[in-house]
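Asks: One structure, pasted below without further comment.
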Amino acid sequence: MSTATNAPAAAHRTSWAPMIGLFLAQVLMSFNVAALPVSIGGMVEEFGVPPTAVSTAIVVYGLAVAALVMVGAKLGQRFGWVRIYRTVVALFAVAEIIMVLAPSIGWVIAAQALAGASAAMIVPSLVALIAENYRGAQQETAIGSLGSARAISGVTAFFLGGALGTLVGWRPVFAILIAVAAIVLVLSLRLRSDAGDPGIEIDVVAAILIGLGVVCLTLGFNNIEGWGGLRAEPDAPFSFGPVSPAPILIVIGIVLGQAFFLWTRRRTAQGKVPLVDLSVLGSPQERAAVYAMFVIVAMEAAVNFTIPLYTQIVQGRTPFDTALAMMPFNITVFVTATLIVRLYRRYPPRTIGMWAFGLTTAALLWLSFVVTNNWETLPTILGLILFGLGQGALVTLVFNVLVSAAPKELAGDVGSIRGTTQNLASALGTAVAGAVLVAVLGTNVALAVAAHPKLPDTLVSQVDLDRVNFVRNDRLREVLSATDATPAQVTAAVRVNTDARLNTLRLGLLALAGVSALAILPASRLPRYKPEEIPDRSES
């Protein structure tokens, strides 16, 4: 990558009105995803279905995005970004109308499949349209706003979803998105974009390879805990002998991913248009940005899984309480992702990235020592704020590195790589966090039970105490009441479970701190240049 110094082009500021629409489009997708878990209770009650049926809608949405995002980038290049953008935003609105009117859970699942397919086109469109409509500092700010939109959408969805779900039901939550989509369509009239290139062909073989590969990886990672990490659990839909389908799907996904890269390189060597131009990952700096992005999203997913697990399952709190617990983190990410661009003119990406990973490492280390059963303590809040500072800086930084390094016409490819990376990282972060926490909890409880003089083997055999999952103390007392345990033994068992859960949480945070510290290595490969020190490749 060239580091030749160029004089900044004459300042030319574009209206922020189009960017407001792009910001709201990101809100549209993020709010929909965040509102689904909050609405599970209302859907279960109204449709009379188990929670797993409702969670299928969440899975279907994610799979649709993951499988189609690279195809979405190519459709934008072929038909023109503005045309595709308006079409899929309208389709997203149709999906939300179906959600509001859905007479059964089947319609909800179908609506989320349509929303996911639409989002797969919106994700690369946002990047391409920012690249075509903004330059320099405005482009950096615009990219930062996408990261902040994700953070603020999660908070808003939790609050509005909790309030509306309690007062009038879950449907109005999604009705809000219909209005947001209409605003996005109106603001899209201010966007400018190239007409597209009808001569671009879509590589169907590559689309199938990467689509199936990402779906297999996502399903495999998401179901490691439920289906079994190696040996098949009773909940597994099928098995290969005693082996769980989860690791098999992961292996198949990796093989398909490698086949995709081999096919793409072969097609490029033949002078044909690939599904994704791998030149956007051509330099070590650009690959380092993708590695860093993967770690960032995986860490965020792990934290977003761990804290709700503890507050809702262990402490028995509501989603609204969880939103309050996550508020310091989400607001800090929102503010930092927006304001970090002001440092780009003073410090190179490598410096910001290494310091930001240092912040997340310090924050997670701090939390692993100070966290207690009460999330509202000042030390815990300070740790979440510190983690949000590092996370907010990173989510914008690495995205900016990729966009600034690629020519304007490849911005859609950058967007599709971003979408694929985020989906896989989110699935991996959630799955590994769940599997590790449950495994560590089982080990902690087993060791504590074996060493406790008041918990005899006869009691352990009655309740299988050494395999207790994350449960509330009230639930544990209820289970123990069906045994011949004495009051002293019940108290001892509850204390063992309480201590084991807290130690597990702390060890989980400590493990995340280790991952964050290791991520300083790819961050050290980020570019040394400042934005004004590289040529504008968008004109090349």
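Residue numbering: from 1, along the chain as shown.
Just so you know, glycine gets a Cβ as well, placed from its N, Cα and C.
Where the annotation comes from TrEMBL, it is an automatic prediction and has not been curated.
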Asks: Could you tell me which of the ranges 351-369, 484-502 is annotated in TrEMBL as transmembrane segment?
Replies: 351-369
Asks: Taking the transmembrane segment (381-403) as the first stretch and the transmembrane segment (143-167) as the second, find out whether 3 or more Cβ pairs fall under 8 Å, excluding pairs closer than 6 in sequence.
Replies: yes
Asks: Mind pulling out the one from 52-72, 108-131, 143-167 with the most Cβ pairs under 8 angstroms to the transmembrane segment (424-451)?
Replies: 52-72
Asks: Counting only CB pairs under 8 A, let me know which of 84-102, 108-131, 173-192, 244-263, 323-344 has the most with the transmembrane segment (20-40).
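Replies: Answer, by Cβ pair count: 173-192.
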Asks: Please indicate, using numbers and ranges, the residues of the same chain that are 6 or more beyond the transmembrane segment (84-102) and have a C-beta under 8 Å from a C-beta there.
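Replies: Contacts of the transmembrane segment (84-102) (Cβ under 8 Å, skipping residues fewer than 6 from its ends): 25, 28-29, 32, 72, 75-76, 108, 110-112, 114-115, 117-119, 121-122, 125, 129, 171-172, 174-175, 177-178, 181-182, 184-185, 188, 191.
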Asks: I need to check the long-range neighbours of the transmembrane segment (173-192): which residues 6 or more away from its ends have a CB within less than 8 Å of a CB in the stretch?
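Replies: Tertiary neighbours of the transmembrane segment (173-192) are 15, 17-18, 20-21, 24-25, 27-28, 31-32, 35, 38-39, 82, 85-86, 89-90, 92-93, 96-97, 99-100, 129, 132-133, 157, 160-161, 164-165.
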